[in-house]
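First comes the structure, then the notes that go with it.
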């Protein structure tokens, strides 16, 4: 027997999965790492300090920056220290190709500090590392009027991390700093929208495919229903009680002999069966006689009414002929259009709002 699955339940499962994944992505906090590496020994540098850092909504993309050679450099203080005015680039202090400005938070905006740091004379810094006040963790930074002019990456570390970089592992002793992206990081401001667009497109494609699947299942359900006889039409087929001497004496389905007084079903083709044998065949399999394959019952209600009118107009020669004509199928009649799927038909034909 054909099993038809409900497409609505499958659609709900995919929708819940999409919402769950989206919530998980949004819950991931964007994190960076400022890692301190010891002086090279036989060409190998070992990590001695690892600091969690946050980014800003302005400046260069830190993810892209972390993959470049400029992500490794020396962290030094600026002159002036707070970098709220023009900054002087340190000369001959370190041997690094890249230098990161180590600036405290306060007295001016983050974007203003970054603007002055990147314009340091004679050469600008490659990145800005802001450290927060003592006892406070790093926070996400927002830009102000200088935000559109900043072209370098901007990060924030804790005050304790600054002490380790500046005092314990200073650049003057050969220690360098590397900017990395922590595992599991997602820059939501830059990558969430493309992700949502891609997932949304896939969801729309999935939704369209499920709609077509629902239409196909409805068609299959209608096709299977047309092959079977409804219980309403089954009750219209006459029955009789078997009497000794009646023909035939055996049921062609179960091959058992009829017993006197047993209830039998007489099809329009005059073939007789046990009700318990022929009824499941007509309602669950096909509405044809198992022996001669003649169709049993009308195809739809319109055909039933037309057959009824035709039976009343024609002279009745005998009871058997009248019964046969009642259930004969007229192949030339015109079928009334049947809705493809009752649920979809009701939705598509619902009243639409007026705009006037």
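The backbone N, Cα and C atoms fix where each Cβ goes, glycine too.
Marked as domain 'RING-type' by TrEMBL: 251-293.
Residues annotated as region 'Disordered' in TrEMBL: 297-334.
Look at TrEMBL and you will find 12-37 (among others) tagged as transmembrane segment.
Through the fold, the transmembrane segment (149-169) approaches residues 32, 34, 36, 38, 48-49, 51-56, 58-62, 65, 75, 77, 102, 104-105, 110-111, 114-115, 117-118, 124-139, 141, 143, 175, 177, 179 of its own chain, all at least 6 residues removed from its boundaries and within a Cβ separation under 8 Å. According to TrEMBL, the feature transmembrane segment maps to 149-169 (among others).
Here TrEMBL flags 189-212 (among others) as transmembrane segment.
Taken together, the residues in the domain 'RING-type' (251-293) have a mean pLDDT of 88 on the 0 to 100 scale.
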